[in-house]
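Asks: Before I ask anything, let me first share the structure, which is written out below as structure tokens.
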Amino acid sequence: MVKPLPRLRLQGFNNLTKALSFNIYDVCYARTEEERQRYIDYIDERYDADRLTQILTDVAEIIGANILNIARQDYDPQGASVTILISEEPVIDKKQAGKELISDAVVAHMDKSHITVHTYPETHPQEGIATFRADIDVATCGVISPLKALNYLIESLESDIVIMDYRVRGFTRDVKGKKHFIDHKINSIQNFLSKSIKSRYEMFDVNVYQENIFHTKMHLKDFDLDQYLFEEKARNLSFKERMKIEALLKLEIEELFHGRNLAE
């Protein structure tokens, strides 16, 4: 729950921009080239533009935003993108309103308040590793907080590794003329995660409080090889194969978590 600061009387509109960015990774091992292609096909179907649109529509509802417009696209050979423009203000139905135009407040939001997702399935050419990355951005202007959607987004995707960035920009002015550069209390993105998620993930923070920049990265605590094997069971593998695959997967997870190559 986002805890607001004591209610402020504002001069005009709340001009604070709040942006939450996710990089969510799913890691998998598929032994053959054919299995890796089937993994890509599976991910491409599971997270196509229609499914992503539903997830982002749910996000808009969770944060209390109104949807202005939806653009979505599936790509060949793989991947998908969805962009939703949102606003705080209710949307006027032009069919019902005749020639009535959407209010200036709504139009003013269109370049600032949005939810986007892009997906990137890929595979290693030799070692059997396959990954799926979803990049999600929720940017709002006004009192709407993207932090309300944190838990839903993590639970909606196959989240082995999650990298999150949250920042607040701009200012809003109260009726006495004083500028306010943030309108809610926060010292870590972790403040807004559920107990269930916190219990399952290792987390690491890098925060720059004076700049209103908050960064949290996390990965699953428990490693269950069966959860990472595609179309295979660990019990069907030899001990040597299990150790090799486990080492490859753990290295991949560490490299994605730290954002650099560790084996070189």
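Glycine is no exception: its Cβ is also placed from the backbone N, Cα and C atoms.
What Swiss-Prot shows for this protein is this:
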ACT_SITE  SER113  active site, schiff-base intermediate with substrate
MOD_RES   SER113  pyruvic acid (Ser)
ACT_SITE  HIS118  active site, proton acceptor
ACT_SITE  CYS141  active site, proton donor
Asks: At the level of the C-alpha atoms, what whole-angstrom distance separates HIS118 (active site, proton acceptor) and CYS141 (active site, proton donor)?
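Replies: Just about 22 Å between their Cα atoms.
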Asks: Sorry to bug you, but what's the C-alpha spacing from SER113 (active site, schiff-base intermediate with substrate) to CYS141 (active site, proton donor), rounded to the closest Å?
Replies: 6
Asks: Between SER113, HIS118, CYS141, which of the active-site residues has its C-beta surrounded by the fewest other C-beta atoms within 10 Å?
Replies: HIS118
Asks: Specify the secondary structure state of the residue listed as 'active site, schiff-base intermediate with substrate' as given by DSSP, simplified to three classes.
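Replies: Assignment for the residue listed as 'active site, schiff-base intermediate with substrate' reads coil.
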